[in-house]
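The annotation transmembrane segment is assigned in TrEMBL to 21-43, 93-112, 182-206, 226-249, 261-285, 305-324, 405-427, 476-493. Among the features that TrEMBL reports, domain 'TMC' is placed at 294-400.
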Amino acid sequence: MKEIGGRFGTSVLTYFLFLKWLLMFNVVSFLINFGFITIPLLVYDHSPNIPEGVSFRGLELLTGAGYFNYSVLYYGSYSNETLVGLVAYDMKLAYFFTISLYMVLCGIALIFSMAKSFKKNYVLADPASNSAWQLLCTWDFSVTNERAVKQRKNNLSVQLKESLSEGAQKEMLTLSEKMKHFGVHLGSWLLSTGLAFGCGAGIYFLCQYEQQSTTDESSWTPLQEAQTLLVPFIVSLMNLVVPLFYALFKKFEVYSSQRKQIYALVVRNVLFKMSILAVLCYYWMHVVAKKFSCWESMVGQALYRLVFFDFLFLLLGSFFGEFLSNLIGRKLLPSLGVPEFDVARNVFELIYAQTLSWIGIYFSPLLPAIQILKCFILFYVKKVSLAQNCQPPQRTGRAAQMQTILIALLFFPSFVGALSIVAYTAWSLTPSEQCGPFRGQNNTFSAVGVWIEDLQQIPGSQWAVWIYHHVIRSEVFYFFLALIVIIIIYIFWQVTQGRKLLIAQLRQQIINEGKDKSFLLDKLQNLQKSNQYVKQKHPNKRTNWRSKDLPKGDQSEAMAQALLAKQMFEEEERSSSGGVPVPADIPTSSALLQAMLARQRAEDGEFEVHRMPDMHLSSSSAVAQAMQARQASLTRDSDQDYSGTGFFGDTSSAVVQAMRARQTAEDSLSYSGSDVMTQVMQARQRAEESLQDSAPAGPSALIQAMLARQQAQNEYDDGY
């Protein structure tokens, strides 16, 4: 498997994985049928009931008649008796419940596989555009061959060009071109549909012709037995030729995308194969069932011949369709090139063969054994043919979603159609009177009714009888069951829609967060650029304003501001002399506020100093007033050092006054020189140190003021 995937990619690997899955599927079905139907009969009756004069001639391998007709391969060889041994084993119930259990298990397995694959590859898949998917997710990392890698690079570039030009092609088409394409598509669909129905009608008339010259199998001559090969030969030949004819439509059909072309080919092939099977089933149910005495075995033989000839044509297709094409493309006509491995056509052949196996499970319980042998041989034949004769497909699709489509096609119409045929046979058709486990019954399901009547005579089994009459045979039960299933499906659909909406919102949130981060990065880059510009414009800004000499000039405005600060300080001191305590939280918040305001004004003052270097405003008087304010606060604190009741209020008031004095001084120094700023800050530092030394009983406000000052100073220094 790794070799196939590494050389040809996952699209080709999907075919072999699907073939392997079908092989395991048929192994399970064979074990179920062989274990519950065939083994009990062989244990009860060791020797088959073969009439005298009937021997194995070899022709039975092709026709399935003759010696095989009396073996356990077909329905007619099974007994309708209750086998008596260690336990009583009713063959009618064993046959009915085994077939029913097998079909139910197949349906459940297909539903769960399809739902899981659909959820993974469609519901939770990113609905990205086709171009984005091709660019980011289309590379197959399992490819290791150098030639395949180069080819996939070219394929990727071509697909990107096609996907980008797809929308432009739609817009560039004129009305006449659109009408022309519509006419071509309509003609192709009419031709393909007519061909499918024509082949179905031809098969029906061919079956009618075969029926006119056919009698019961017991009186067949070798020539009559060989004539039965005509219908399976024609059907297999049609299944080989018609899909190749459908593939030629792409030469003149124009689709906007390769995906639509593949879907059209899928629908045409499914319609063709299902129409042939529908005609054959109608012929078996309405013609063969009325003419032959053991019609179930006759239908089983017909299905055996179809399976066998389909296998032969698959082998011939691998030889003529791949080996000869490779030989012609390499030796005779190099322009044709090496043929590709057609994944779609080969997959349809597997689905068709599995459909035949499901239909024949009722008429030939051991038909899965033939299907197992067929899948096993086909796996190695296709593997050798792929390695020797084929090249990787030029166009690759989504392998995961392709597998989902394969399982969906296997479920509908393949499994659903086969289940319908088996159910119709069990409920509506009358079993043969001379053979089979249900001989003498009105229908197959009547065996369950006979068993329920026998249960009525057994004490303690009335509950099973009541369930049979009031639940299983009640239409109301199935109505409510269908209603519950519909409600559950609707609930899960709503949950899925909600999850889709949530996923869309989360994706939009991720996009918005990305935009926010991009916006913040742009702001940060702009801030860094502005800081670099300031540093380039004032490279020695921080050191110069401390080292400049004090400029001289008009002092009237600074003097007035300093006197005003002194007056405000004295009024505050007189108002607080009464000893009214101030709460502890007021000094803390005031100190913090004053420190922040002082820091802001100091920065503004520094900025103005650098903006207007020609202004020469002396501030010696302001310095003197600030020093006097500090001295007054120290004197007042020393007087109140040992007063118990008003200490906290006085200490905090001193801090407030010192901060206000500093603020007033800084306001007056906003246009002064740098040495004045230095002196004011040193005065403030000494005042706070003195307050800390003189007030050990009130550390909270002082510590917070110092922390505020330190934080303001750090931020002030970091501004440069």
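Glycine is treated like the rest: Cβ placed from N, Cα and C.
Just so you know, TrEMBL annotations are computer predictions that nobody has curated.
Across the domain 'TMC' (294-400), DSSP classifies residues as 80 helix, 2 strand, 25 coil. Sequence-distant neighbours of the transmembrane segment (182-206) (same chain, 6+ residues past either end, Cβ-Cβ under 8 Å): 230-231, 234-235, 238, 242, 245-246, 249, 252-254, 268, 271-272, 275-276, 278-280, 282-283. Against the transmembrane segment (21-43), stretch 93-112 shows more Cβ pairs under 8 Å than any other of 93-112, 226-249, 261-285, 305-324, 476-493. Restricting the average to the domain 'TMC' (294-400) gives a pLDDT of 85.
Proximity of distant same-chain residues to the transmembrane segment (226-249), defined by a Cβ-Cβ separation under 8 Å and at least 6 residues beyond the stretch ends, is recorded for 59, 62-63, 65, 188, 192, 195-196, 199, 202-203, 206-207, 210, 213-214, 264-265, 268-269, 272-273, 276, 280, 301-302, 305-306, 308-310, 312-313, 316-317, 342, 345, 348-349, 352.
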